Amino acid sequence: MGSGWSSEEEERQPLLGPGLGPAPGATRRGREAAAVLPAAGPSPGRVYGRRWLVLLLFSLLAFAQGLVWNTWGPIQNSARQAYSFTGWDIALLVLWGPIGFLPCFAFMWLLDKRGLRITVLLTSFLMVLGTGLRCIPVSDLTLKKRLIHGGQILNGLAGPTVMNAAPFLSTTWFSADERATATAIASMLSYLGGACAFLVGPLVVPAPNGTAPLLTAESSRDHIKDRIETVLYAEFGVVCLIFSATLAYFPPRPPLPPSVAAASQRLSYRRSFCRLLSNLRFLMIALAYAIPLGVFAGWSGVLDLILTPVHVSQVDAGWIGFWSIVGGCVVGIAMARFADFIRGMLKLILLLLFSGATLSSTWFTLTCLNSVTHLPLTTVTLYASCILLGVFLNSSVPIFFELFVETVYPVPEGITCGVVTFLSNMFMGVLLFFVTFYHTELSWFNWCLPGSCLLSLLLILCFRESYDRLYLDVVVSV
């Protein structure tokens, strides 16, 4: 595996928190989890410096996938003029993301049976094909639109890996006191890529000028098309570099496992699904994640369409989307680091986050209805409500992932997170499907946000948490 990557100084024993007992009701389940440990094997507990390189490569791949997925939403007005896209085309380009999750279970099987390296290489190769397809120079606009749609489909097929594999990577490479942080970084970078699309697109691609004379409009259309193609070529180059790096070095696992949980045996693929579908607590918390995050992801993808009726420009909509996701990424990583230090507090963190999400989404929805509510509709209020909503919802993702794995351990991490992200994308896909037909008036979409956040808050409140994997690492290992 390349032992030259680490030295004695780079290897250490993981910090097993002092005196941490299991959550109420977790003792029996923790002992059952301990039963899956192998009778003999290498003593776990080593972490390697190369784990940060593996995390960096995976995070860059997730960043690029989010960037490519959200290429068209922030520049939808320019794309309409350059490629004669309709509102249905823009919504469909965003919809290819959740549609790409349909073969999610195949990628989960591949991750469970063949490991991280093969899955990541296949994912990055699909992204190379997808971004390359969008760059093929053709003069026929109809053919060009088909190539763009095909490229977005292939990029959507990369979604299951970048969204599901973060907890698997953190368990495989990181110790118990670093897992939540590693999960947050790996899972948040996909959202950060989508945020950068809000920034890169409107800054590189100029907005169309509908009042220009005919000859000037034709020249402007060619200029806009050239700038869009510049973005497409740049994204293709970035994806090719990441694919080359993962092909050169991306080991499937470290020489020695970093924790007891990483060394333990897991349930089979079939038994894992039986365990998940029969666990009511898991189904409850899975819906608490899937419904609001699916609604918010679809809402973010068409944010420009939603803000256009309230006279928000393409550039302002891009900045609002950018800061809402960036804020969520920063707070999410900070929350995960806090969860690594103060263990057993995941439910409380989620309750606080979704209380804030419910209030901020209600504020935004009522602000957009200022003709009825008479609330001030200003740039400041739109920025504040959208950014707070993004911070509260996006930062909950790594906390949810850790809670999923703790709840159903020893079900493999990739299968657990694959099921919940599939559900999330299913809800997102259903909403975007309606957007493709009802894209002229989207105020109904805004009301889906506070409703889904409130439902999730109630589900989390009724959820009974347990920490089976943490019990195994901290108590059984001691």
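Cβ atoms here come from the backbone N, Cα and C positions, even for glycine.
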Identical membrane-side domain name, Asp140 and Asp222, from Swiss-Prot: yes
Candidate annotated in Swiss-Prot as N-linked glycosylation site, out of Asn209, Asn394: Asn209
Stretch with greatest number of CB pairs under 8 Å, the transmembrane segment (118-138) reference, 52-72, 230-250, 282-302 candidates: 230-250
Per-state residue totals over the topological domain 'Cytoplasmic' (174-184) - DSSP helix, strand, coil: 6 helix, 0 strand, 5 coil
Distal contacts, the transmembrane segment (282-302) - CB-CB under 8 A, six or more residues away: 70, 73, 90-91, 94, 97-98, 194, 276, 321, 324-325, 350, 354, 357, 389-390, 393-394, 396-397, 400, 403-404, 407-408, 416, 419-421, 423-429, 431-432, 435, 439, 442, 445-446, 448-449, 452-453, 455-456, 459-460, 462-463
Intrachain residues whose Cβ lies under 8 Å of the transmembrane segment (315-335), provided they are six or more past its termini: 74, 181, 184-185, 187-189, 191-192, 194-196, 198-199, 201-203, 207, 300, 303-304, 307-308, 349, 353, 379, 382-383, 386-399
Residue distribution over DSSP helix, strand and coil in the topological domain 'Cytoplasmic' (336-347): 8 helix, 0 strand, 4 coil
Selection from 52-72, 90-110, 153-173, the stretch that has most Cβ pairs under 8 A to the transmembrane segment (230-250): 52-72
